[in-house]
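Enquirer: Feature list, courtesy of TrEMBL:
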- R41: L-glutamate binding site (BINDING)
- W101, T151, D171, Q194, N235, T236: pyridoxal 5'-phosphate binding site (BINDING)
- 3-346: domain 'Aminotransferase class V' (DOMAIN)
- K195: N6-(pyridoxal phosphate)lysine (MOD_RES)
Amino acid sequence: MTIYNFAAGPATMPAEVIQQIKADLPSYNDSGMSIMEISHRSALFEDVFQKAQQDMRDLLKIPDNYQILFFQGGCTLQFTAAPLNLANKYHKIALLDSGHWADRAGDEAKRVGVKVDVLDSTKADHYTKLPVLESLPADTYDYLHITTNNTIEGTAYTNLPETGMTELVGDMSSNFMGQAYDVKKFGAIMAGAQKNLGIAGLTVVIVRNDLIGKVKDLPSMVDYQLFAKKESMFNTPPVFAIYAAGLVLQWLKDQGGIAEMERRNRQKSGLLYDFLDNSDLFTAPVFKADRSLTNVVFVTGNPEIDQRLVAQAADNGLVNIKGHRSVGGMRASLYNAMPYEGVEKLVDFLTKFEKDYRGLH
Ligand SMILES: *Cc1c(COP(=O)(O)O)cnc(C)c1O
């Protein structure tokens, strides 16, 4: 039975990439050594590293005045690193509270002494829609932090908030490379790799040159300027995760790039949302205009039925559709590597489940 993995992260990877890893694993490029065994300073790895960065720059059309930095510590460490590096003038940032990860980013900023003003929150609506930026006073905030895609709640920004002269910083972890955004609109972008770019252990930061190097003597492992200067090799980088991301980036190029990925993700999520909106048993609670292309949240309203559904889906090879514990219900993550057939199978299964359920009630 084919297994379709709808997990939110770590998440499904392209089958071709897994095959390539398998083929490469014992002896990378006929070196007689595994990629896991070679030095991050070797010519072999240098090629992997440079190609991954260039492919990312090409795919996202990252301008030359932006750095691509590779960190460890997950996106969570960037909730600390971003304010330490970028909140250096007003020591104050603005936040749109769109859910769990935005909230966490605010918390971590406060821990390093940065003031956080929540300009709008949709908590009272259970985060079923996105907060709105009404106005942003100039010369007040070092930046506005947003979560471009809310992995847990299933919302995503299609139109970015207009921040005027204030920098925009985006946590793009769960729709990085899955939805096209104009990099130039951001001062900085952060994204953990394990949702849409490969495996855990690697976090990407894309940051504009003029924003870094303003704070002296930051802890080395979170210093954007130092990582830029050392080309992300201040210490041993996550070699295997960078190699895996490189394969995913090549795969993305082969598939037609980010616009094509977005088109497919719209098609996949559209199929599922259409089904849910026409169902009597299931509801997609997220406000239509704010729906995520990569994380589709749905409920029956009855936790017992949800539980039965999640178990039966798994028996049918449709695994990890249980919703986050804070939201309940179900969540199907439809990242780039999820094929259209996987979503078709899911919709077929849900259709049958609903029919059986009606027969019993
Ligand atoms: C998963 C996720 C994070 C946290 O990532 P870690 O790598 O676990 O630190 C942060 N933001 C968003 C939007 C996420 O989806």
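Glycine is treated like the rest: Cβ placed from N, Cα and C.
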Enquirer: Could you tell me which of the binding-site residues R41, W101, T151, D171, N235, T236 have their C-beta within a distance under 6 angstroms of some atom of ligand 1?
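Expert: W101, T151, D171, by Cβ distance under 6 Å.
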Enquirer: Whole number in angstrom, please: the longest C-alpha to C-alpha distance across W101, T151, D171, Q194, N235, T236 for pyridoxal 5'-phosphate.
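Expert: Binding-site diameter by Cα atoms for pyridoxal 5'-phosphate: 31 Å.
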Enquirer: Counting distance between Cα atoms, which of the binding-site residues W101, T151, D171, Q194, N235 is nearest R41 (L-glutamate binding site)?
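Expert: Going through W101, T151, D171, Q194, N235 one by one, the closest to R41 (L-glutamate binding site) is N235.
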Enquirer: Is it possible to get the count of other C-beta atoms within 10 angstroms of the C-beta of Q194 (pyridoxal 5'-phosphate binding site)?
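Expert: Taking all protein chains shown, Q194 (pyridoxal 5'-phosphate binding site) has 24 Cβ neighbours within 10 Å.
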Enquirer: Just counting, how many other CB atoms are there within 10 A of the CB of T151 (pyridoxal 5'-phosphate binding site)?
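Expert: A count of 27.
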Enquirer: In whole Å, note down how far the CA of the residue listed as 'N6-(pyridoxal phosphate)lysine' lies from the CA of D171 (pyridoxal 5'-phosphate binding site).
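Expert: Rounded to the nearest whole number, the Cα-Cα distance is 12 Å.
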Enquirer: Using the alpha carbons only, what distance in Å do you get between W101 (pyridoxal 5'-phosphate binding site) and K195 (N6-(pyridoxal phosphate)lysine) once rounded?
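Expert: Given the Cα positions, W101 (pyridoxal 5'-phosphate binding site) is 14 Å from K195 (N6-(pyridoxal phosphate)lysine).
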Enquirer: Calculate the per-residue pLDDT averaged over the domain 'Aminotransferase class V' (3-346) and state the result as an integer.
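Expert: A mean pLDDT of 97 is what the predicted model shows over the domain 'Aminotransferase class V' (3-346).
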Enquirer: Hey, how far is the residue listed as 'N6-(pyridoxal phosphate)lysine' from N235 (pyridoxal 5'-phosphate binding site), Cα to Cα, in Å?
Expert: 24
